[in-house]
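Taken verbatim from TrEMBL:
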REPEAT    230-260  repeat 'PPR'
REPEAT    297-331  repeat 'PPR'
REPEAT    367-401  repeat 'PPR'
REPEAT    402-436  repeat 'PPR'
REPEAT    437-471  repeat 'PPR'
REPEAT    472-506  repeat 'PPR'
REPEAT    507-541  repeat 'PPR'
REPEAT    542-576  repeat 'PPR'
REPEAT    612-646  repeat 'PPR'
REPEAT    647-681  repeat 'PPR'
REPEAT    780-814  repeat 'PPR'
REPEAT    850-884  repeat 'PPR'
Amino acid sequence: MRISTVAIIPRVPFSLLNLSITTISSASPLQIPTVDPPDPIPAVDLPSKLLEILTRPNWQRDPSLRDLSRSITTVHVSAVLNHPPLDPRLALSFFDWTGSLPGFRHDHGSHSALLGLLVRHRLFAAARRIRISMFRSCASPEEARRALATVRSTTSLDLTVRCYNMLLMALARLGLLVEMREVYGELLASGSAPDVYTYNTMVNGFAKAGSLAEAKMYYGCIASAGLSPDVHTYTSLVLGHCRVHDVDGARKIFDSMPCRRNEVTYTVLIHGLCEADRIDEAFELYSRMGDEQCRPTVRTYTVLIQALFDARRMTDAVVLFKEMRKEGCIPNVHTYTVIIDGFCKERRLDEAKRVFGEMLERGVVANEVAYNALIDGYCKEGMIESAVAVMSSMELNGFKANERTFNEFICGLCKEKKVHKAMGLLDRMLERGLVPNLVTYNSLIHGQCREGYVDVAFRLLRLMTEKGVKGDQWTYSMLIDALCKKGRMEEARGLFNSLEEKGIEVNEVIYVVMIDGECKAGEIEAAHSLFQRMVHENCSPNDYVYNALIDGLCKEGKLDDGLSLLDEMVERGVKPDPVTYSVLIDAMLRGGEFENAWRILQQMIDTRCEPDVCTYTLFIRAFCSEGRLEKVESLLAVMEKKGVVSDLVTYMTLIEGYVNAGFICHAFRILKLMMDSGCEPDMCTYSVLVGHFAHERRRNFEMSDLMGDMDMEGKKGFVDLWKIVEIEDVLKLLSEMVKYGCDPNIKTFSALIGGLCKEGRLEEARLVYREMEERQLLPDENIYTLLINCCCQSRIPREALIMMNKMIDCGYQPHMESYKLLICGFCEDGDVIKAKLVFHSLLNCGYNNDEIAWKILIDGLLKSGHVNQCSELLVLMEGKNCQPSPQTYDTLIKEFVDRSNGV
C-alpha cells in the first residue's frame, strides 16, 4: 500500500482533504495525506492467475503469490472457490491461507462458495467448521440474514444444537430478534432439545435489546426443561433490568443469585449504576469484588473511569487509571479513548494529546474512535490545524475519515465562523462516498444563521429535505431564532405555526426562541400568549423561558411584573439561575435602585445561586457610572476570593470606568491585566481608549457624546466615534500601550483597522496597516478580509484585487463574501472580464458549488441587477464541471424569471 507524502506549508490555516487554494495567484495549500489504493495488477485476470499458482507444488511459498496477496479481495476468493475442477481440500487450504493475510476478512460470499464445494464432496466435518466460521464472521445484519438463508438452503448438512447455538449467537450479537425467534422455533421443530447455552443465548439477546419480558420467558424455560440457570443466565437478567433503567431490579437479582457472581456480573451492574448516576454505589460494588475472588477487568475500570469523567470528577478518574495499571490491568484502546475524550470535553487538550501519545508508546493501536475523539476536541476549540494533523496521522495509519470525522470538522469550522470552508466539505464527503446526515446539515444551518446568512440556511433546509434528510426540532429552532434576530418576525411566526403540519413537535427550545424573539421585538402580549399556550400543551416552562419573559418585561420598564414572574417561577418549582437574577439586577441598577439590587443579590446568595461574572459586572458598571471606584475595588476583591474570573465585558467596563474618571494609567493597568490573562481586547475595548485620546484632542466633545451606554453583553452604541477618530489618536494609543507594557499584537491592529473600515475610512485604515508592517507584524486573515471588503465598498475593486492577491500569497483563503463584493464591484464598473477571472479563481478554491450559486450568483449578481453577467458566470461554472444541485438550478431559474420581470 502506497501512502502519499504529507506536505504541511507554514501559515496556511486550513485546506482540508485536498481542498486546494489555487486562485488568482497561487497559494500553497495544506495537503492532507491520502491513502492510495493497491496498485492494480495490469492485464491479469487475478482469479485465473491464482488458480494457476494453486496447481504448483508448495504453492504457499510461490513468490508471485506474495506479490498478488495485497490485491486479493473476497470477490477474487469467491471466484476461485466457485471454479468447478478445484479440489475441495486445496480450496480449504487456500481459504485458510487467505484468511491469515493481514487485514483480510472472509465475508458471506467466500464462506458460502467454500461451504457449497465441501458439501458437494460430502466433506461434512470441514463444512460444519466453515459454517460456524460463517456465523462468527457476520459483521452486519444483512450478512447474518444471508448466512441464515445459506443454512436453510443447505439441506444435506444437518444442523446440530451446537450449530443452532452459534447461529443464535450471531443473530443476538447483531440484535436480530425476529430471526432469533424463527431459528429457535426451527430448533424445536427439528426435534432437538435446546440446552442451557441455547436458553442463555435467547435470554441474553432479548435482555440486551431491552425486551425484558421475553428474556424472562426464556429464563422460565430453563427450569421447565430440567436445566439449571447459571451465572451467565443471571448476568443477562441483570443486564436486561439495567437496559430498561430498572437498576433496583437489577440489584435485587444480583443480590439473590444462587451461584457465585463473576467479573462480568459485577461489571454489568456497575455500568447500570453509573448510567443511573449512582456512582458511589458503583464504587461500593467495585470495592466488594475481591470478596468473591473477582478482579476488576479492563471493562470494569473503563466503565468507572467513563462515569467519573461524565461527572466531571477528572482527578478521581486519573487516580483510578493509575490504580488500574498498578493492579496489573493493562488499559486497552477503549480505556484510552474514554480518557482522551474526557480531557477533550474539559478542554484540556494538552493532556488529551499526552495520553494519546502514551497510548501509542505502549503499543496500543489507536482506532477510529480514538482519533475522532481527539479531532473532535481540537475542532471544538477551533484548533483546526491540529485537528488536520491528527487526521493526517489517522489516514496514514489506514483509517479513513467517516461521517463523524467530517461532522466534527464542519462543526469546528462553523464555530470559528468559517462556514464557507465548512460548506466546501460537503463536496469532499460526497467524493469519498459518504452521505451527509442530519448532524451535518444542522451544523451548516447553524453556521449560516450565526453569520447572518438566513436565506442560505433556508436553501440548505430545502436541499437536505429533497435529499431525504428531514429537519428536526433543533433545525427549526435555529431557523426561527435567526429570523427573530434579523427582525423578520412575520416569517418567524409563519414558520413556527407551520411546524405541526411538518410533523415537528414544538419543544421548550422552540418556545424559548419564539418567546425571546417576541420580547425583543417589544411584543410582550404575544410572548405571554405563547407562554400560556406552552403551559396548556403541557410543555413545562424552564428557566430559559422565564428569563426571556422577565428580560422582556424589564426592557419595557415593567420591573414589578418581572418580579411577580420571578415569584411565579419559584412557585412552579423552576429554580432561577444567575441570568434570572442578573436581568432583574440590571433593570434595578439602571433605574438607580441600588438597595433593591443589593436585596436581590442577597436573595440570590440565600438560595445558593452563586453570582457569576455577569452579575458582578453589572454592579461594577453601576459603581463606575457613579464614580464610586472604591466600591469597584472591593467587588474585584470579592470576585477574586470567590474564584470568579473577569471576562471581556468586565475588563471593558473597568477600562471605561477609569477612563471616564480620568485615571488613564489605571485603565492601561487593567488593559495589561486583561492581555496577560489571555482575554483578548476587542474593537469595543480599544474604542474606549482611542475615544479618550480623541476626546483629549477635541475637548469640546464629552466622552458620553462619543459613546452610548454599554448593555449587559458589552456592546457599544457607537455614535460616530470611528468617524471622528484621527490617525494621531490611534498612534497615541499604540505608543501608550507600549509605555504601559501592553505591546500591541496582531489582534490589536485587527480591532483598530476593523473600527475604521466599519465607517469606510479606508485611507486611515491603510495608515494603521502600514504602522503594523513597520512593527514587523504580519497581517492575519481577518485584516486582509476587512481591507478587501472596505476597498470593495469604497468602489475600488482593483485595489481590493491587489490585497486579495497578497492574502493568497500569504496562504490565506479569501472569504466567499469578499469574492461576492469583488465580483459585483467589477460588474458595477463594467469590467466583466476581471469579474470572470476572479470567479474562475473562486471555482478552484474548493468551495461548495451550491453556496457559490447562492451567495455569488443569487445574493450577489441577481440582487444587484446583473442578470446577464450572472448567466455568463453560470455558464462558466458548468464549463468547469462545477454544477450546482438540481434544487439550486430551480432557485436560479425562479430568480432569473423574477429579475427579468422586474420583481
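Each residue's number is its place along the chain shown, starting with 1.
Backbone N, Cα and C atoms are what each Cβ position is placed from, and that goes for glycine too.
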Maximum Cβ pairs under 8 Å to the repeat 'PPR' (437-471) - stretch from the list 367-401, 780-814, 850-884:
850-884
For the repeat 'PPR' (230-260), sequence-distant contacts whose Cβ falls under 8 Å of one of its Cβ atoms, 6 or more beyond its ends:
196, 199-200, 203-204, 206-212, 215-216, 219, 222, 268-269, 271-273, 275-276, 278, 292
Going along the chain, which residues at least six beyond the ends of the repeat 'PPR' (507-541) come within the CB cut-off of under 8 Å?
473-474, 476-477, 480-481, 483-485, 487, 489, 492-493, 496, 499, 548-549, 551-553, 555-556, 558, 572, 574
Composition by DSSP (helix, strand, coil) of residues within the repeat 'PPR' (472-506):
22 helix, 0 strand, 13 coil
Residue counts (helix, strand, coil, in that order) that DSSP gives for the repeat 'PPR' (647-681):
26 helix, 0 strand, 9 coil
Counting only residues 6 or more past its boundaries, what in the same chain has a CB within less than 8 Å of a CB in the repeat 'PPR' (402-436)?
14, 16-19, 368, 371-372, 375-376, 378-382, 384, 387, 391, 394, 443-444, 446-448, 450-451, 453, 464, 467, 469, 813, 815-817, 845-851
Run through the repeat 'PPR' (297-331) and tell me, per DSSP, how many residues are helix, strand and coil.
26 helix, 0 strand, 9 coil
Could you pull the average pLDDT for the repeat 'PPR' (542-576)?
94
